[in-house]
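Trainee: Starting off with a structure, shown below.
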Amino acid sequence: MELVFIRHGFSEWNAKNLFTGWRDVNLTERGVEEAKAAGQKLLAAGYEFDIAFTSVLTRAIKTCNIVLEESNQLWIPQVKHWRLNERHYGELQGLDKKATAEKYGDEQVHIWRRSYDTLPPLLAPSDPNSAHNDRRYAHLPKEVVPNGENLKVTLERVLPFWEDQIAPALLSGKRVLVTAHGNSLRALAKHIIGISDAEIMDFEIPTGQPLVLKLDSKLNFIEKFYL
């Protein structure tokens, strides 16, 4: 069986080189075109889906919608869930990556961005931009809404959704599309493929490129490739 991942198209804060995380920003025109191209690639390659999973952030939802529209599958069920959100970058969210590197040093920022288990500076729950003040997450217990995450914590957040929804869908024979974010998809890929803590630092997923994971009937990883 095959599982398709798509990282959302290029966003407004990708263009501005800002840390984004759980902040909700839109796609750029380039991002829209990337999503259209991804949908057209899937259509040309004959990929059909029974269900699509995405996050509750605009850039991923719009990418999912565009991909499905371009591949003539906008009618299939979509599940939007906070567990597929991007990694929460804590106090770094909204900051310029270059300016942050100048302030703290390239090595420290690289560790914050790419280390598997180093947390960024945490955002105060009382901060106006905290997810605690966003009605998208008002139904959640306060203790599960993050104030900052590393990739390890992101995987711990994403894994229950894999086990409860994505894996059962695949095992039931459904063809699955997951349109999410660089780090939530990296976390899932780490689990599925078996990437080591060290190797995951250099594992990247480009925006708007369909990544196909080939799995056996028990969801063991066989191979991966981009369309």
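Each residue, glycine too, has its Cβ placed from N, Cα and C.
Checked Swiss-Prot, it gives:
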BINDING   7-14, 20-21, Arg59, 86-89, Lys97, 113-114, 182-183  substrate binding site
ACT_SITE  His8  active site, tele-phosphohistidine intermediate
ACT_SITE  Glu86  active site, proton donor/acceptor
SITE      His181  site 'Transition state stabilizer'
Trainee: Where does Trp13 (substrate binding site) sit by DSSP, helix, strand or coil?
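Mentor: It is helical.
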Trainee: Give me the Cα-Cα distance between the residue listed as 'active site, proton donor/acceptor' and Trp13 (substrate binding site), rounded to a whole Å.
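Mentor: Here the two Cα atoms are 13 Å apart.
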Trainee: Look at the recorded positions Arg7, His8, Arg87 and tell me which residue has the greatest number of other C-beta atoms within 10 angstroms of its C-beta.
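Mentor: The residue with the most neighbouring Cβ atoms within 10 Å is His8.
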Trainee: Can you name the residues of this chain that are 6 or more positions from Gly182 (substrate binding site) yet have a C-beta less than 8 Å from its C-beta?
Mentor: Arg7, Glu86, Arg87, Glu204, Ile205, Thr207
Trainee: Let me make sure I understand the structure: which of the recorded positions listed (Lys97, His181) has the fewest other Cβ atoms within 10 A of its Cβ?
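Mentor: Output over recorded positions Lys97, His181: least Cβ neighbours within 10 Å is Lys97.
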Trainee: With the residue listed as 'active site, tele-phosphohistidine intermediate' as the reference Cα, tell me which of the recorded positions Gly21, Lys97, His181 is the closest one.
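Mentor: Minimum Cα distance from the residue listed as 'active site, tele-phosphohistidine intermediate' across Gly21, Lys97, His181 lands on His181.
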Trainee: Under a three-state reading of DSSP, tell me whether Gly182 (substrate binding site) is helix, strand or coil.
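Mentor: For Gly182 (substrate binding site) - judged by DSSP and reduced to three states - the answer is helix.
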Trainee: Measuring Cα to Cα, tell me the gap between Trp13 (substrate binding site) and His181 (site 'Transition state stabilizer') in whole angstrom.
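Mentor: The separation of the Cα atoms works out to 13 Å.
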Trainee: Would you count the other C-beta atoms found within 10 angstroms of the C-beta of Glu86 (active site, proton donor/acceptor) for me?
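Mentor: The Cβ of Glu86 (active site, proton donor/acceptor) has 26 Cβ neighbours within 10 Å.
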Trainee: Going by DSSP, give the three-state secondary structure for the residue listed as 'active site, proton donor/acceptor'.
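Mentor: Assignment for the residue listed as 'active site, proton donor/acceptor' reads coil.
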Trainee: In Å, rounded, how far does the Cα of Gly21 (substrate binding site) sit from the Cα of His181 (site 'Transition state stabilizer')?
Mentor: 9
Trainee: Can you count the other CB atoms that lie within 10 A of the CB of Trp13 (substrate binding site)?
Mentor: 21
Trainee: Tell me which residues of the chain lie with their Cβ under 8 angstroms from that of Phe10 (substrate binding site), as long as they are six or more apart in sequence?
Mentor: Leu27, Thr28, Arg30, Gly31, Glu34, Thr207, Gly208
